[in-house]
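To start, the structure itself, in structure tokens.
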């Protein structure tokens, strides 16, 4: 970096810029200081050069501030920041020259000092944890959050609590896969704050403590809770995928977009407001493998706009879709033009997500039909006619569309919309609705139908993510729950919905206060430690205002709802009378039908209008009867009073349809055979969904199973089905069928699905039965009244809070940055208000003053027993002695009556000390073990050497004479062979040309020689012999020009030669000669393949799915990756939307578009094998391949081949030779145990193991999976992620182990057993297929030989008959 004259030309390039720094030091300094800076220059270096250039006092301390017009304030830069990066974020017109008038510039100022002579603390973004602030005030907390927010650091810690500020913009640097890997297994606070760190700490706490965990996300509407929950689920499933990846994670990730589309809506405060509260519980095995998910909804939509903007023309015609402004329910919102393309893309992603969850195309079609019907219901209009006085409904085209979408009769639909049926014991009365009642009935029907559809989706998502072993096995499971409650709302007009939402938020805030303040402080007091009580805002009395027995708001509403004469006004009077003295209740004037409640987040005014109506809103019996008359069975499931009864009826209906198929098959058989048989006559009504002929595939599948041998395989793999069909929703098989063009054969493809059965349905209903819509459906035959909306909401919330209370909580506080939803805009007043009503200052105070680590005396001594002397008792004196020995500050710990309390930093210090002590003792044990082992080997070798010396002396004395005789015999044999060779030189020179050509085809030469020795040759054999002898030279010429001769070319050349020799007289012999040559050639090919297979060579044993891995540049290991949350390309920086395909390196987690693969310029940072050890021709290191090959050829039958060790001196000698030139070493000169010892040494001395560190723990978890099929799949999946060099070397080792296992059964580890057993199974399966093919080929060759013999005999017999006739004539 260098200075330049301000008046001169400013030269810069992409890596260097000239910036103007305006000093704010004294009046006699220059107006500005131009400095040329580059990418690597930091703020500290820029300040130093500016001080030198401006001739300022170098002993003073200075700060560099950035001024940006958009921020409106001066932001101090950190010493390690890069000023050039800040400049590149400015508008392009001010990057070259930035005077103060344009609003973007840098300021250099001197740090201020206070009266005490100390510099005042300038709060910068370095404060990752609010507990580290020396002075804890609202202004300091707000300043820290503001500065971090403008530096795109939206996450901040308060000890173990995360504070997240919603930037209203996607920040691409935060959520890529490399961040998941970065925060994995990292202590909280070691890296910068991130939501992935909370997810990882929660996951590790579950595994380490073997206890259920829960992450509670809180904040008002628009604070980013939904996005935060999506990131948490993404990270938690990624951590589980490290253990083992299966289809379950894919289903769980797909459920998020589906729930968001159907459960979230756009409001004035929030573009993605949750209209329901969800608690997603991820179930894990004790090893951390994800086992399933449960989604619990508390109780309205993006999906309407997705459907209208993204549906194709065919879908629009089939579903009768209109434009959004043509629907009454959607008229109140403006749809911007730039939103249409985005909504269309969201519709495609919704389709993909629904497929991931398991919805069939027919099911998706039914769901979208219901949505279209709900929209068209809003367009139904009512008019009151005077002559005659009656209510008319229209328009007719809307009624016709509704009848088609719901598959109901139009007349029944009209009667339901305009008349109410009153059912008594003796008769039924139909009463017409008034105009207002009809409109309310229409809206109630639409809302109830959407609620039933939403609950059906929740039920089936829970079933899709359920693990069936939960019902069958008693395997202990752990869970992590993510609670995303709808945010606190205070609208212009608040009604019953806002009352329920804010009651849930009050309950959640009470739970947070109870866990953070009350339980902590009560425990401190019980233990008798020194503690100053911290006051907090307790809202338990406000919660009692809602749910207290007999006098709570919900109980009063419940009582008034049961009284027919009660009204909303009478309800308001009773509420005011009961709670007029409650400080949280503020009655309004008598003229206004409202009341005010003082919530923890502020006052909210509620309008009492329609409280009773909304609380008792049920789907009327008329609507239920109408929907149950639908011809579409899907609608029956939505309004079923009992899902189990509906399921049983579906099974019965499917059985009836199958019996009908029997009848149709019998009729077809009679028609084809003409045989009349007595058959049963079934007269059943056919289903509404599909023709009964589709059931024929059931019986064709039985035939296909019988004709197949071995494991059942898919006949047409990876075929995109033209249609999909399921037996009502109840059978356990889904058939996808494709009728191949030009063929009448029906190919069946079986798809494994997690389909519904009675047991699983009961299990899911038992978990989520309190949320089913059936409780809001009025059934007139029930003895008890249906539950009201308020009581159902209370029951659901109580169940939810009970579930959370059983887990250890982590908290995330989401903060809304501004009320206008502006991007990267920080509203001080709004954020400060949220800090106050959430009690954030008190939370930081208790987290700073409290003790996050707590152990009982016994737990502490057991955990850190290595740091204590042997036999130490769990007493406070011994624990205090340990703390004094470690010189811990007494302010950082306290010892109570039964527990030890520590600050988090001291706990980490204790853990680090424990780890170091454990490693020291491990090294000591290893040192002593090696000493004893070497001593034992030395004594054993010394005794063995003495025995060998004695035996060798005796052997050498007796073998001298034998060696002399062998040498004499050898010399005699050599002389005789030379004499024979000299005699054959003259005669053998003539046939060398033919022998050279035969050297390429020895099998063919043997056949020719056999024919030459025979005398009685048939005409076909004569032509074959002549053609083959003349074809030799052609073969030689063809082989010299083209080393690889194609089979067809060879046969075509021989066929031409035979045609030339046969001529016109013997044309009939040509096919026989060609077939004979082909059989000889096939025999040669088979013999060559068998000989090649018998030779020792590396077999691709572990090539399981490697073809799917891309040839990746710069040693990256890329594979396709489906994005679940919006991320950014690490190369071009553009967005990668959810449900899109990208490419991710499984080693370094780099993610990019396919088009960006060619832009990669950096090597993979985590490749472990040295590329110098391998080449493309030899993917296995030469040293390893040479040693293993020698062992397989010479040492497999040696006793203790890998158990015994060789000579250390010989091993050292061989090691040095291999380092110099491994290709020229002669391994025959070394004992086999020396070579095997060197193999083990080579593996030990690798810089990094073959199984990389990043995959090692995941590999161990994969091996420990309970089911064999899942275990094998998980192991091979991790093998695929290895770098190519590691993979090839491990593949070679597995082949070597298989070879050793064949010779001498070993006792391998569990991993070796899995791999070896699986490889043998695949090998046997492949050999069985080869044997079947060889048998079929041998049968064909044998038949050809028999036909040839029969032809020859026939000709001999004909000639003999002719000669006999001639002899008789003579």
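Backbone N, Cα and C define each Cβ position, glycine as well.
Those TrEMBL annotations? Automatic predictions, nothing curated.
According to TrEMBL:
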DOMAIN    24-113  domain 'Ras-associating'
DOMAIN    125-915  domain 'Myosin motor'
BINDING   219, 220, 221, 222, 223, 224, 225, 226  ATP binding site
REGION    797-819  region 'Actin-binding'
REGION    976-998  region 'Disordered'
COMPBIAS  976-994  compositional bias 'Basic and acidic residues'
DOMAIN    1115-1164  domain 'Phorbol-ester/DAG-type'
DOMAIN    1166-1370  domain 'Rho-GAP'
In the region 'Actin-binding' (797-819), how many residues does DSSP call helix, how many strand, and how many coil?
-> 9 helix, 9 strand, 5 coil
Per-residue Cβ crowding (10 Å cut-off), top of binding-site residues 221, 223 = 223
Other C-beta atoms within 10 angstroms of the C-beta of residue 220 (ATP binding site) total 24
Across the domain 'Phorbol-ester/DAG-type' (1115-1164), DSSP labelling yields 7 helix, 16 strand, 27 coil
Secondary structure split (DSSP) over the domain 'Ras-associating' (24-113) reads 25 helix, 23 strand, 42 coil
Mean of the pLDDT scores, which run from 0 to 100, over the domain 'Ras-associating' (24-113) | 76
How many neighbouring Cβ atoms, not counting its own, are there within 10 Å of the Cβ of residue 222 (ATP binding site)?
-> 23
Sort out the sequence-distant neighbours of residue 219 (ATP binding site) for me: same chain, 6+ apart, CB within less than 8 Å of its CB, listed by position.
-> 225, 487, 813, 814, 815, 816, 834
